[in-house]
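Participant: The structure is given below, and queries will be raised subsequently.
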């Protein structure tokens, strides 16, 4: 999501009560850090909570790590701009990939006992692809943490009148403190807390907003009158060759967003997968994304619907000449509808969501940097306490680098948008390499590296040359993103196939537990007591989520 | 270096890990924070001004949100009482 600018005149009428609610939250966040500190004895405690958390905690953290404030403001903005098309980001663009991660991929990730997503590449393909993906992941997560911090500074400046540097320093300090103290456990606990606080803000906001515009009936009547029939339809106007505001047709939505982009993000982004790897056993790890799928499915009700309400309440939103951009949808509703008290909860929720979004990236960064770069290539075979110390230092370095990025972003925001787009092209080829590596024993080490590299380069060429230079006509950035992802996946897959045919595969014995149909020694652990209950069955949870997500489409497709 | 050495390393770290035994239960934090927030926001609702209620389209939003948050906080405490934190698993050998 690009760093955005919020309009002046959005200042919220906060009072002492609201600030008291916010102050309590900051105190609790620090308290969690201090209380979690005593549970950190080994590096595994620091980076993966000792692989011991229950599934409902990791599941809620999984969804909350994605529910950062840039996501909330951005998806409400998409709702205001594109209408019901925005639901594709949830129901086809998230649920199937989350279910696939839980049902198909998690046994390889968790069962092989890797500590990070890049580490899986090391064992499956070897050091070249491992180092490439580790370095790119480390750089991009610091960058994203910084962009997130910058976005927060802009929002707080507009809403509360805080100078940008105050917001950057305060939020950066709190994130640094609680992760350095308690490691992943305190990041995850804060995410779970943030999940409930942001819902406690968004649910009342949506209810009051709906009452203001005359309920769902009043809302859809107003939107149909001003924006036409297709605005509240998920698939209306997405025929191939048909123009629509999203700039994408049903095929690029299903293949680009629903398959390659979403699978790339949800199944290989370590900031997400890390939550599942911290679960206490394989069953809990598999259930992590499946439990997350259910809240994820209903989040559009309290994020996209407020975006729609805002377009009715403030028709000028996002129009040329207006001082309000689409990103202002939720802040406008907060300003106009929430009394002091709930307003404090909403400000706290938004701030918590910004900090959690940053913390998810920082906690993934310190793990990958320490385990996959430092311990693998710089200082090998030290005692565990050394890597634990390194992890804490790297956390501090990562946060400070993120704060630096935020300050740079405030003067060069266009460059930051460019870089973010650039890094977003890395997940898709990564997914391509993973999926082929997991299902095709013949895929070789060289194929993994070249698939990763050529897929990424192909996506960049498609986006920055073919699309930006106008060689092929795609109506919007969103549409071009979808097409670039499909290109990245196809090129990566073809290159992997071709290179594999000309290089020698790894011996089958070294792939046990890493490729479909194999089990690594000692991987089969007995199921924990109670995990055989029907409501803990991964297959039931997974297929239930898919069917429910498909059913969600019905009211928006008739 | 054996192919599966890293797995034994992780297993050893899991045995030495202190998280399962010493990490507090997050339900207590959620319960505490939401009970406190619920009380504060409910009181703000009981003393709501006409302007507050008018702003929220005639709904006493603080009262309803406060009661809802209080209920959530108490539910987490109830869950904690009914299903207490499981004792840490015995050290594996």
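Using the three backbone atoms N, Cα and C, a Cβ is placed for every residue, glycine included.
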Participant: Please identify the range among A:211-233, A:418-440 that TrEMBL labels transmembrane segment.
Facilitator: A:418-440
Participant: Looking at A:521-538, A:539-556, which one is transmembrane segment according to TrEMBL?
Facilitator: A:539-556
Participant: Take the transmembrane segment (A:248-268) and find every residue of the same chain, 6 or more past its ends, with a Cβ under 8 Å from one of its Cβ atoms.
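Facilitator: For the transmembrane segment (A:248-268), the far contacts come to 88-89, 92-94, 96-98, 100-101, 105, 117, 235, 238-242, 289, 427-428, 430-432, 434-435, 476, 478-479, 481-483, 485-486, 488-489.
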Participant: Would you say the transmembrane segment (A:539-556) and the transmembrane segment (A:89-110) are touching, if the rule is that at least three C-beta pairs must lie under 8 angstroms and be 6 or more residues apart?
Facilitator: yes
Participant: Pairs 6 or more apart in sequence, C-beta under 8 angstroms, 3 or more of them: is that satisfied by the transmembrane segment (A:162-181) and the transmembrane segment (A:390-412)?
Facilitator: yes
Participant: In the same chain, who gets a Cβ under 8 Å from the transmembrane segment (A:539-556) while lying at least 6 residues past its ends?
Facilitator: 84, 87, 90-92, 95-96, 98-99, 102-103, 232-235, 287, 290-291, 293-294, 297
Participant: Looking at the stretches A:131-156, A:193-210, A:390-412, A:447-467, A:479-502, which one shares the most CB pairs under 8 Å with the transmembrane segment (A:342-369)?
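Facilitator: When the Cβ pairs under 8 Å are tallied, A:131-156 comes out ahead.
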Participant: Quick one: find which recorded stretch in A:193-210, A:390-412, A:447-467, A:479-502 has the most Cβ pairs under 8 Å with the transmembrane segment (A:131-156).
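Facilitator: When the Cβ pairs under 8 Å are tallied, A:390-412 comes out ahead.
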